[in-house]
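As given in Swiss-Prot:
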type: ACT_SITE; residues: 63; note: active site
type: ACT_SITE; residues: 105; note: active site
type: BINDING; residues: 43, 45, 47, 64; note: Ca(2+) binding site
type: DISULFID; residues: 42-131; note: disulfide bond
type: DISULFID; residues: 44-60; note: disulfide bond
type: DISULFID; residues: 59-111; note: disulfide bond
type: DISULFID; residues: 65-138; note: disulfide bond
type: DISULFID; residues: 66-104; note: disulfide bond
type: DISULFID; residues: 73-97; note: disulfide bond
type: DISULFID; residues: 91-102; note: disulfide bond
type: SIGNAL; residues: 1-16; note: signal peptide
C-alpha cells in the first residue's frame with residue numbers, strides 16, 4: 001500500500017519530459033520507471049546525494065549530472081522529439097534543449113536496461129540517512 005501511495009504522489013508532479021522519460025524507459029528497458037526507479041538508491045527519484053549504491057543507482061547519478069549540464073533548460077518540463085529507427089531511439093527536433101534532455105533520458109534508459117541483472121531490491125525505498133557520504137563529482 002505504501003508503494004502505491006508513493007507512486008500516486010510522484011505522479012502528481014509529473015509533466016513534460018518526465019512523462020517522456022517514463023515512456024523511453026518502458027521502450028528500452030521494458031520496465032516502468034515509476035515502479036522500478038522512482039525511489040531506488042541515493043539518486044533514483046527526487047534529489048540525490050551521497051554516493052551511488054550500485055550500477056543502477058549510478059545510472060540515476062549520471063542522469064542527474066547530464067540534466068545538470070543542460071544549461072538554460074528545465075529538464076523536468078521541456079518536451080522533446082524522438083523517433084525509433086531499427087529499434088534504436090533517435091533524438092531530434094529543432095529545440096536544442098529538447099534534444100539535450102532526450103539524449104540524457106535515452107542514455108539513462110539504456111543504462112537501466114544494461115544493468116537489470118544487478119538491480120537489488122534492498123535499494124528500493126533506500127533510507128536517505130544511508131546516503132550521507134561525500135558525493136563524487138559529475
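Placement of Cβ uses the backbone N, Cα and C atoms for every residue, glycine included.
When the alpha carbons of residue 66 (disulfide bond) and residue 43 (Ca(2+) binding site) are compared, the span between them is 13 angstrom. For residue 64 (Ca(2+) binding site), the nearest of the disulfide-bonded residues by C-alpha distance turns out to be 104; the candidates were 73, 91, 104, 111, 131. For the Ca(2+) site, the Cβ centre of 43, 45, 47, 64 serves as reference, and the other residues of the chain with Cβ at most 8 Å from it are 42, 44, 46, 48, 49, 60, 61.
Using residue 43 (Ca(2+) binding site) as the reference Cα, a 10 A cut-off selects none from the recorded positions 73, 91, 97, 104, 105.
Taking 45, 47, 63 as the recorded positions under consideration, the smallest Cα distance to residue 102 (disulfide bond) is found for 63. Taking Cα separation as the measure, residue 111 (disulfide bond) is nearest to 63 of the recorded positions 42, 63, 97, 138. Listed disulfide-bonded residues: 44, 138; maximum Cβ neighbour count within 10 Å falls on 44. Comparing the recorded positions 64, 105 by how many other C-beta atoms lie within 10 angstroms of each C-beta, the top residue is 105.
Measuring Cα to Cα from residue 105 (active site), the recorded positions that fall within 10 Å are 63, out of 42, 44, 47, 63, 73. Recorded residues residue 73 (disulfide bond) and residue 65 (disulfide bond) have their alpha carbons 13 Å apart, per Cα-Cα distance. The Cβ of residue 97 (disulfide bond) lies under 8 Å from the Cβ of 70, 72, 73, 74, 78, each on the same chain and at least six residues away in sequence.
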